[in-house]
């Protein structure tokens with residue numbers, strides 16, 4: 001999925017508003033994912049999956065850091081996320097549908113915290129951004 005210039009502007013603007021909350025928002029989105037889609041828990045058998053746990057917070061920071069890198073390199077998502085794609089495809093073997101589920105929960109979390117900023121246009125751009133990230137992360141599954 002190709003991000004337009006307007007999409008890139010929207011993604012950078014909303015991610016700028018996320019700011020220092022990125023890790024917390026990503027952790028909240030992970031907790032939402034695990035609660036709403038219990039099958040996603042199978043990849044984390046060693047985690048305390050209760051909302052707010054140190055492990056959820058830690059993994060949320062990893063997700064947020066990866067997304068922040070993606071936002072900073074919107075014109076080179078494949079290069080930016082290549083190592084992460086290798087990890088998820090070859091070592092972790094995460095079912096690709098889980099990226100879509102997490103993306104949905106990330107949008108819900110953004111809406112909960114930044115409702116005034118998540119206009120329909122920004123929402124559409126973030127959907128495209130998360131879909132682009134998911135496409136890159138699953139590109140090495142083939």
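Just so you know, glycine gets a Cβ as well, placed from its N, Cα and C.
Residues annotated as domain 'Globin' in Swiss-Prot, with sequence analysis given as evidence: 2-142. The phosphoserine annotation in Swiss-Prot covers 4, 50, 125, 132, 139 (among others). The annotation N6-succinyllysine is assigned in Swiss-Prot to 8, 12, 17 (among others). The N6-acetyllysine annotation in Swiss-Prot covers 17 and is backed by similarity to another entry. Feature annotation from Swiss-Prot assigns phosphotyrosine to 25; the stated evidence is similarity to another entry. What Swiss-Prot lists as O2 binding site is 59, and the listing cites sequence analysis. Taken from Swiss-Prot, the feature heme b binding site applies to 88, supported by sequence analysis. As annotated by Swiss-Prot, phosphothreonine applies to 135, 138 (among others), with the evidence given as similarity to another entry.
Counting neighbouring Cβ atoms within 10 Å of each of the modified residues (4, 135), the lowest count belongs to 4.
The recorded positions listed here (50, 59, 88, 135, 138) include no residue with a Cα within 10 A of the Cα of residue 125 (phosphoserine). Listed in sequence order, 114, 117 are the same-chain residues six or more apart from residue 17 (N6-acetyllysine) with CB atoms under 8 A from its CB. Comparing the recorded positions 8, 12, 88 by how many other C-beta atoms lie within 10 angstroms of each C-beta, the top residue is 88. In the predicted model, the domain 'Globin' (2-142) has a mean pLDDT of 95.
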